[in-house]
Amino acid sequence: MGKQVEIFTDGSCLGNPGPGGYGVLLRYQQHEKTLSEGFYHTTNNRMELMAAIIGLETLTRPCKIVLTTDSQYVRQGITQWIHNWKKRGWRKADKSPVSNVDLWQRLDQAISRHNIDWQWVKGHAGHDENERCDELARAAANSPTETDTGYLENRD
């Protein structure tokens, strides 16, 4: 496997649903890159997913990654729940459709070429990189520029 990369992610939503944003910090050796984007109308879970997706999609070749998130929804979803969702045709155990299926499918595609160690940290607990991502996500949520078409199309 290629380079060893650290990815830190966070999502934010003002209202849930409401304006939202994601923040990503990528680190390779001594190099760091930050990414963020704001959306007019979305949810916190969609922004948490987008942060992980964008972080992974930014990489141009297969990597060994430690991805750190403060979202149990993202971490458990991608490491545990997704396997049964796929077996059931993207349905939960109660036969209802998986929420945010567009992003789960995109994340599933994004992880396929990487070796990823998914780590969880408690949000707002002084974890430096998580705090930086939170600041990026909140700033993006406060200045949205994009439409989350997946949220608009999949709303009940």
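Placement of Cβ uses the backbone N, Cα and C atoms for every residue, glycine included.
Fair warning: this is a prediction, and the values are worked out from it, not measured in the lab.
When ASP10, ASP102, ASP108 are compared with the Mg(2+) 1 site residues GLU48, ASP70 in Swiss-Prot, the one appearing in that site is ASP10. Taking the C-alpha positions, the distance from ASP134 (Mg(2+) 2 binding site) to ASP70 (Mg(2+) 1 binding site) comes to 10 Å. Neighbour count (other Cβ atoms within 10 Å of the Cβ, all protein chains): 32 for ASP10 (Mg(2+) 2 binding site). Each residue in the domain 'RNase H type-1' (1-142) gets a DSSP state, and the totals come to 56 helix, 47 strand, 39 coil. A C-beta separation below 8 Å, combined with a sequence spacing of at least six in one chain, links GLU48 (Mg(2+) 1 binding site) to THR9, ASP10, GLY11, TYR22, THR69, SER71, TYR73, VAL74. A Cβ within 8 Å of the Cβ centre of ASP10, GLU48, ASP70, the residues given for Mg(2+) 1, is found for these other residues of the same chain: THR9, GLY11, SER12, MET47, ALA51, THR69, SER71, VAL74, GLY123, ASN130, CYS133, ASP134, ALA137.
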